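Student: After the structure tokens below, expect a handful of questions from me.
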Amino acid sequence: MQNFGKVAVLMGGFSSEREISLDSGTAILNALKSKGIDAYAFDPKETPLSELKAQGFQTAFNILHGTYGEDGAVQGALELLGIPYTGSGVAASAIGMDKYRCKLIWQALGLPVPEFAVLHDDTDFDAVEEKLGLPMFVKPAAEGSSVGVVKVKGKGRLKSVYEELKHLQGEIIAERFIGGGEYSCPVLNGKGLPGIHIIPATEFYDYEAKYNRNDTIYQCPSEDLTEAEESLMRELAVRGAQAIGAESCVRVDFLKDTDGKLYLLEINTLPGMTSHSLVPKSAAVTGVGFADLCIEILKTAHVG
């Protein structure tokens, strides 16, 4: 096996997704140790990143979610320290964390995305409701794990929802509702893995459904995707990742409308690795267990 030296599993951090990161990090740490890797937990909230060099770490497995963890900040710090790290680089991480600018790039390249609008204090909210229709989704551009996602159903409600959310990270986006199914497709080392059909018990795949409930259904392989649709989803996931320069292991989320058209929703450049997480479920279908998946991701560690 490749010699990775002393490995820091970067977990925890400062964002609203801290607890999820700790869960993922603990699972990864245990998996790496089970494979004989000299791995240790490292929480930047408790210990400055500058200590990585002082403590003799040679590789970083980054599973920091949210602000500072997957927005290019920690990636830049690791570049300066010269420590190879997993996940995407600085630019791709920053773009992937910004749903608005990621959508602009996908749209410019002809990839299918739901119609959307950016909201500001002086937005004509009635016009946005008329353009996108109801219901619609409203979300902050730079939060993950469905933090702050609201389904707006009632006419005249858009402005008040915007006021509730505008303190969150990044622009606030209104997005056309796509009334079909929810899916996700991981990409590992530039190769699309089996798509997952997500059937939440809640109204949509929100934070509660992702992390706190056991009745969300994950179908992998999906029972309602044709072979052609599955192939297209993988192709679109790979193209979506390549469009922003994302690498290592990412996950692209999709919606499928009632006519069967697929839409790219967003990309996660550092997908979760908890017991509820989607990437391990997809990899398992291909015969890759959790510990082996962690090793495959660790092999992608890079600088530059």
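Each residue, glycine too, has its Cβ placed from N, Cα and C.
In case it helps, Swiss-Prot gives these features for our protein:
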DOMAIN    103-299  domain 'ATP-grasp'
BINDING   129-184  ATP binding site
BINDING   Asp253, Glu266  Mg(2+) 1 binding site
BINDING   Glu266, Asn268  Mg(2+) 2 binding site
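Please situate the listed features within the shown structure.
Tutor: Met136 (ATP binding site) falls within a strand when secondary structure is assigned with DSSP. Its Cβ taken as reference, Met136 (ATP binding site) is surrounded by 24 other Cβ atoms within 10 Å in the chains shown.
Listed in sequence order, Glu182, Tyr183, Ser184, Leu264, Leu265, Glu266, Ile267, Asn268 are the same-chain residues at least 6 apart in sequence whose CB falls under 8 Å from the CB of Asp253 (Mg(2+) 1 binding site).
Glu266 (Mg(2+) 1 binding site) falls within a strand when secondary structure is assigned with DSSP.
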Student: With a 10 Å radius around each C-beta, find which of these binding-site residues (Glu129, Glu143, Glu164, Glu171, Glu266) has the fewest other C-beta atoms nearby.
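Tutor: Selected from the binding-site residues Glu129, Glu143, Glu164, Glu171, Glu266 on minimum Cβ neighbours within 10 Å: Glu164.
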Student: Name the residues of the same chain, 6+ apart in sequence, whose Cβ is under 8 Å from the Cβ of Val150 (ATP binding site)?
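Tutor: The list for Val150 (ATP binding site) reads Phe137, Val138, Lys139, Val161, Glu164, Leu165, given in order along the sequence.
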Student: Using a 10 Å cut-off, grab the number of neighbouring Cβ atoms around the Cβ of Ile178 (ATP binding site), all chains included.
Tutor: 19
